[in-house]
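Taken from TrEMBL, the feature active site, nucleophile covers Cys371. The S-adenosyl-L-methionine binding site annotation in TrEMBL covers Cys242, Ala243, Ala244, Pro245, Gly246, Gly247, Lys248, Asp266, Asp293, Asp321. If you look up TrEMBL, you'll see 141-464 marked as domain 'SAM-dependent MTase RsmB/NOP-type'.
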Amino acid sequence: MSVFPKISLRLEVENYLKANFLNKEVVSAFGKQEAERKFETLLQNLSHPPSFTTVRVNTHLASVQHVKTLLHDELQKQFNGLSFPVLQHPDLQDVLLIPVIGPRKNIKQQHCEVIVGAQCGNSVLRGAHVYVPGIVSASKFMKGGDTVSVYSDIKGKCKKGAKEFDGTKIFLGNGISELSRKEIFSGLPDLKGIGIRMTEPVYLSPSFDDVLPGYLFLQNLPSAVVTHVLDPQPGERILDLCAAPGGKTTHIAARMRDQGEVIALDKIANKVEKIKQNALLLGLNSIRAFCFDGTKALKLDIDTEGEPPFLPESFDRILLDAPCSGMGQRPNMACTWTLKEVTSYQPLQRKLFTVAVELLKPGGVLVYSTCTVTLAENEEQVAWALGTFPCLQLQRQDPQIGGAGMMGAGLTSEQLKQLQRFDPSVVPSWDTDIDSLRDTRTEDMIRLANQDCIGFFIAKFVKGKNTKVKAP
């Protein structure tokens with residue numbers, strides 16, 4: 001997997017993460033050499049995309065088998081008759097997996113170059129075409145219809161509209177320009193369509209731009225696991241405390257067969273509109289989305305008739321997919337955050353968690369999740385929660401697809417087994433081509449998909465009956 005360099009981090013952030021993965025408990029259990037090897041593997045794997053694209057079927061509108069057939073036909077169209085396997089996950093029946101081919105190392109680089117921003121580059125590595133707003137620079141002679149090589153400016157040094165760039169850039173593959181350089185940089189604000197249609201990407205992944213809308217939702221595997229762990233039931237009242245863009249919200253509603261009430265909160269208005277759009281697209285009527293700060297969602301004295309804030313013990317189940325440092329996202333070739341920024345989330349997560357415990361009914365389920373790999377936002381939060389709220393009990397999760405929690409936060413071995421940590425540092429080096437797929441057993445591909453995904457963390461709690469919450 002050495003086609004890209006390891007993720008570029010500020011030294012203070014890299015040292016912070018290293019201290020996480022080489023903490024005393026880990027080194028004592030596995031040895032310093034093995035701990036260091038795993039940490040270097042983590043940094044390397046974070047810059048590469050997962051080995052599978054994961055999509056969730058909207059079972060509210062269609063059967064998994066019907067959508068699987070439609071998707072198989074769509075992939076054959078996209079890849080000119082190449083037969084890609086579409087696998088149904090055995091433990092997540094509404095999840096389909098499509099292998100990612102790559103990295104492909106024999107693509108001829110072109111004289112005409114296009115530079116894109118780091119976020120755009122990450123999307124290209126997961127199957128997206130290049131949209132005009134993501135283009136930072138293009139060769140001065142580029143015309144519509146030209147074959148161009150696309151590069152990611154991972155350090156953000158290229159100037160908008162530059163005609164050439166000699167800084168650090170990572171090759172993402174070749175594509176066909178839909179527009180000329182002049183058209184792209186004409187200054188027209190309404191240019192938002194595809195600028196480069198990728199034809200030879202380094203990683204060959206299906207594009208899901210307007211593919212089977214209403215039937216499919218593009219979602220990382222652990223994000224789909226979360227809703228299964230929450231296990232929502234028809235007729236319940238469920239809160240998604242930090243819901244945007246609505247992937248887990250809509251999954252909850254679909255798992256409830258759209259029977260009951262799903263309250264979705266987010267404090268950014270345009271993200272709330274995205275939740276509403278997704279609910280409408282997927283045909284889900286049980287979702288009510290509000291622009292509201294989750295830290296203020298508890299009201300002790302006034303019933304606001306179904307709108308936030310809410311009275312204590314208002315919900316059967318609560319999902320807190322907390323704002324986090326996002327250090328598990330893949331692919332991510334560069335992160336410019338300071339250590340202060342990376343470590344700033346723990347207090348906010350605790351505020352949200354405290355509100356969630358108050359809003360949960362006795363006997364109710366609270367699921368906490370993040371898409372990061374730090375101890376402070378994951379296992380340390382679990383240890384804090386168990387010490388702060390005697391009413392909470394840690395629960396074993398079903399399905400259990402990720403590994404156990406990481407040592408270092410003082411949790412017992414039994415408690416660690418009740419957590420799920422999806423850890424990119426455990427993934428072996430893996431290059432995929434069409435020929436190797438034909439020889440790979442389905443169970444081996446499923447095992448790889450379970451391991452080689454984004455960094456993610458899940459904890460499940462049950463609130464004991466006849467107990468009062470003692471707020472910190």
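Every residue, even glycine, has its Cβ placed from backbone N, Cα and C.
Worth saying up front: this structure is predicted, and the values here are computed from it rather than measured.
Taking CA atoms as the reference points, Cys242 (S-adenosyl-L-methionine binding site) and Cys371 (active site, nucleophile) are 13 Å apart. If you take the Cα of Gly246 (S-adenosyl-L-methionine binding site) and the Cα of the residue listed as 'active site, nucleophile', they are about 15 angstrom apart, rounded to a whole number.
Regional average pLDDT for the domain 'SAM-dependent MTase RsmB/NOP-type' (141-464) in the model is 94.
Lys248 (S-adenosyl-L-methionine binding site) and Cys371 (active site, nucleophile) have their C-alpha atoms 13 Å apart, to the nearest angstrom. Sequence-distant neighbours of Cys371 (active site, nucleophile) (same chain, six or more apart, CB under 8 Å from its CB) are Asn220, Pro222, Ser223, Cys324, Gly326, Gly328, Gln329, Ile454, Gly455, Phe456, Phe457, listed in sequence order. Under 8 Å, Cβ to Cβ, and six or more positions away along its own chain, Ala244 (S-adenosyl-L-methionine binding site) finds Asp266, Ile268, Lys271, Val272, Lys274, Ile275. Ranking the binding-site residues Cys242, Gly246, Lys248, Asp293 by how many other Cβ atoms lie within 10 angstroms of each Cβ puts Asp293 at the bottom.
Put simply, the two farthest-apart Cα atoms among Cys242, Ala243, Ala244, Pro245, Gly246, Gly247, Lys248, Asp266, Asp293, Asp321, the recorded binders of S-adenosyl-L-methionine, are 19 Å from each other.
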